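Summarising the annotation, TrEMBL assigns domain 'Carbohydrate kinase PfkB' to 7-197. Under the heading substrate binding site, TrEMBL lists Asn14, Val15, Asp16, Gly42, Lys43, Gly44, Ala45, Asn46, Glu137, Asp286. Summarising the annotation, TrEMBL assigns ATP binding site to Asn187, Thr249, Leu250, Gly251, Pro252, Leu253, Gly254, Gly285, Asp286, Asn325. What TrEMBL lists as K(+) binding site is Asp280, Thr282, Cys331, Lys334, Gly336, Ser340. Feature annotation from TrEMBL assigns active site, proton acceptor to Asp286.
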Amino acid sequence: MSSAPRCLVRGSINVDEFFHVKDIVRPGETISSSSLSKRSGGKGANQAVAVAKAGGAVSLVGAIGPDGDSVKDNIAQFGVDVQGIELVQEPTGRAIIQLTEGGENSIILFKGANHATLAAPTTSSFEPYTHMLLQNEIPFETTLEYLSMSKHSQRPITVTYNPSPMPTPAQISGEIRWDCIDWLVVNEGEARELLAAFTDAPPPDITRLSLTTDEPLPKLLATQLQPYLDLLSQFASSPLFKYVNIACTLGPLGVLAHLPFVDGGCVLFEPGARVDVVVDTTGAGDCWTGYLVAGLMRIDESHARASVEAELSVQEARSLLKESNVAAALCVAKNGAMESFPDRTAVITP
């Protein structure tokens, strides 16, 4: 059994169809697009590519249809092990994406082959892996199977879960094995939906933020960030989330993270990296998440080489969050999803 860190991504694989528009279409409106482009995508594929571009060894398990060979080849070109991608009869999943000149997007998903029935995971399925990354563009039952089986692996697996698209309130509160999850990655809207499924108390009133670069950080922390701190405190007070590391991404503002095992338990804020011009935000969250997981893999390998059994330090945690922020910022400055993800050399270069 290899001791080198390796990540298993069980997730979706799509063909992304981009319709370039001036503005997102409104209900009842018909508009024309200035151009159409097709690229490889899907949250599972995107996050696997992000792990690879960040320097991590990663395997993707998923499904494509007869029309998906080029997608599989493209994913492999980024350094992802694609032996776990199965060919099924359903057409490959699709994402229909409206993309504005300002980089905003609106997405419609067609599940296609992503919801095909594949072989259930067994304990041997996890033997090569130290980390696992899951999302919600595959059957919910499959996500539950992988969460449950990961705890029967012969060695510990660090599980990161990005619950997007969001499960139903009943699934959130009654079916997900939160005790199997080490890292939860959500944006502010997803965080509110998760909390709403567990408590009758209204979450803090949050208005989406826009960062002004000339505003002093202490003032930001005291005003704009306070509702998010309140939100994380509600997570921390829940028995289900008490031992889960929670990273709440805040778009250009940065990220807030509740880390129960860092420095005896702490909340860290890492400001977003500067973006001069936003071209396309598609896949930015996937880029962020993949970089986080690859960073965790590097830290685990470093600890193993030093024969040290230790939790994350504050310095290591800040470095993780900062690098993920920089990667996502570089991503939104280019068109596309996985094609726009930066190599780690670009992220760590001053």
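Cβ atoms here come from the backbone N, Cα and C positions, even for glycine.
Model, not experiment: these values are computed from the prediction.
Recorded features from TrEMBL, shown on the structure.
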residue: Asn14; record: substrate binding site; Cβ neighbours (10 Å): 32
residue: Asp16; record: substrate binding site; Cβ neighbours (10 Å): 26
residue: Lys43; record: substrate binding site; Cβ neighbours (10 Å): 29
residue: Ala45; record: substrate binding site; Cβ neighbours (10 Å): 33
residue: Leu250; record: ATP binding site; Cβ neighbours (10 Å): 22
residue: Gly254; record: ATP binding site; Cβ neighbours (10 Å): 23
residue: Asp286; record: ATP binding site; Cβ neighbours (10 Å): 30
residue: Cys331; record: K(+) binding site; Cβ neighbours (10 Å): 30
residue: Lys334; record: K(+) binding site; Cβ neighbours (10 Å): 13
residue: Ser340; record: K(+) binding site; Cβ neighbours (10 Å): 20
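Using Cα positions, the member of the binding-site residues Leu250, Thr282, Lys334 nearest to Glu137 (substrate binding site) is identified as Thr282. Considering only the binding-site residues Asn187, Thr282, the Cβ with the fewest other Cβ atoms within 10 Å is that of Asn187. For Ala45 (substrate binding site), the nearest of the binding-site residues Asp280, Asp286, Cys331, Ser340 in terms of C-alpha separation is Asp286. The number of other CB atoms found within 10 A of the CB of Gly336 (K(+) binding site), across every protein chain shown, is 19.
Reduced to three states, the DSSP call for Asp280 (K(+) binding site) is coil.
Confidence over the domain 'Carbohydrate kinase PfkB' (7-197), given as mean pLDDT on the 0 to 100 scale, stands at 93.
Neighbouring residues of the recorded substrate site, listed in sequence order and excluding Asn14, Val15, Asp16, Gly42, Lys43, Gly44, Ala45, Asn46, Glu137, Asp286, comprise Gly11, Ser12, Ile13, Ser40, Gly41, Gly93, Ala95, Ala337 (Cβ within 8 Å of the Cβ centroid).
Taking only the Cα positions, the spacing between Lys334 (K(+) binding site) and Asp286 (ATP binding site) is 15 angstrom. The shortest Cα-Cα distance between Gly336 (K(+) binding site) and any of the binding-site residues Asn187, Leu250, Pro252, Gly254 is the one to Pro252.
In this view, Pro252 (ATP binding site) is surrounded by 20 other Cβ atoms within 10 Å of its Cβ, with every protein chain counted. For Asp280 (K(+) binding site), other Cβ atoms within 10 Å of its Cβ number 24.
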